[in-house]
Amino acid sequence: MPSDTGILLTAGILLFHLVYSQAHHIEVNITVPEFKIDTEDAYLCVSAVLPVHPHKLIGVIPHASQEVVHHILLYGCTEPHMAPKSGAEVAVWRCDMMPVCNGPSVIFYGWGRNAPDLQLPEGVGYSVGEHTGIEFIVAQVHYLAVRPPDDHSGVTLVLKPHSVPYAAGMLTYASWFEVPPGKESHLVENTCCFKSYQPLTMFAVRVHTHTLGRQVYMTREAWNHSGIETLYTRDPQLPQSFVPSTRHVLWPGDRLTVTCDFDSTSRSTVTSAGGTHNDEMCNMYVMLYSKTPYLTMCSDSTTDIRDDSPGALPREATLALDPSPFWKPPQPEGLVPAPPGADADGAAEDEEREEDEDYEDYQVDENEGTPPPMVVDPQGAYGDATSVTAGPDGSIWVLYRASGVWQADTFDDQHQITRDKPVPEAVVVQLDPDNGTVLARWGAGMFYLPHMISADAAGNIWVVDTGRHQVLKFTPGGQLLMTVGTELVPGSGPEHFCMPTQVSVLRDGSFLVADGYCNNRVVLFDSAGKFVGRWTRWCYIAAV
């Protein structure tokens, strides 16, 4: 039985950690100062001075009432339309008449209808401050009526001065539209295809319409086109806060649609999208986390949701070292790690595969259970880094060439590699994304001219070896699962490659190979490595 002294000591330690944690939070108030406005539906913008050096925004405390304020949005940008003058804490201006930022901006927080405080999950934060994608924060406050004289609306930003393992991000949906009168249900849809190199995990959602909105929901087309799944739905007449959601993982290539359902039976004229409370809006803000910052907007069914929008990690930025590099967030619902030796479906590779009779000689080499030579003490030069990719767990995979440098005489005039031995060093390296620590290194004595590395949704690692004329699939630990192509023999048929360059794995486990240096084609295979078809410069040719 623990002693009273032990209990008191434990309580003291917990209290110390709580006080220490709170003491290392910085609060920045953005309050609308005195500013005369005599019209309803006025928009005021306020920019504030952030602390020097990069910080992580981990919470927002709103100070507003829905009887006075329609909504508050926080914008991130590199330069606000007006910056606080020397010695001033804030700058204020009418932003229904002038822009919010000088240049691109991104919305990363929204409040409405008396929503409560926002606190991000432990280990997640927005990168803000100098040398980040959000150097300034601007609060846009939309007043319903004439601003009362004693108003002090605004927000308090809660910041941490040190890094956290995961970056918060935002997918914002907005549309321009018209709602015809007298309709019990009128749907407005906004669809974008998510384009990025990294998976995103959604954890909270805010929806926004005005008085006619009845439901706002997000759907996703299944990756195998088998149907539509609903990821989130909410009544926009409820408090418009960020509400915790099921932690769905959004994968590159997902087709995401946000739909707003409006009831216009109370209107006798057309209602348009606009900024006043008599107009309408159709918005969804999806808060998410990932290894690097991701903030972007889908507007009126633009083709792509991209990762090069303002607010994303700028090229000149650097990542601060993570004080807790082994922290991981809770396992997202519905995402089950694949067991070692599993393919992209999570099922073990079958030992025997049915071969198309026209391609019985297709070279699929199954070597399960036979790991490649491992480097116990991975010393020696890495050489040139030829390819980098990120795994679904956020770890970084780098493919090096070590002593296997590509030189003028590496290939003969028949595209055959002239060296007779593979590269002796281990050239596949797994790195911690925060501090660059080597987590694993393998592949010694296996590759002749390693060229590109990819990771699939199950975490398997794919390497394209231009010198071997093959594509190789491995477990994260380096166990060989499959090879495609004929080793060291170039060719143009379905069983050969000629100096292939890259592989891309689809959600169903099928994969595309860029067979470009000699054959100028892209080749499609099913998840078992069976030839399906190929694209040349002129057409697609399917297997017969």
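Each Cβ is built from the backbone N, Cα and C atoms, and glycine gets one as well.
Out of Cys45, Cys77, Cys101, the record in TrEMBL bonds Cys95 through a disulfide to Cys45. Binding of Cu(2+) is attributed by TrEMBL to His70, His71, His208, His210, Met281, and the same site annotation extends, among His131, His142, His415, to His142. The Cβ of His451 (Zn(2+) binding site) lies under 8 Å from the Cβ of Thr386, Ser387, Leu399, Val464, Asp465, Thr466, Pro500, Thr501, Gln502, each on the same chain and at least six residues away in sequence. Within 10 Å of the C-beta atom of Val388 (Ca(2+) binding site) sit 14 other C-beta atoms, taking all shown protein chains into account. Secondary structure of the domain 'Copper type II ascorbate-dependent monooxygenase C-terminal' (171-302) per DSSP, as helix, strand and coil residue counts: 0 helix, 69 strand, 63 coil.
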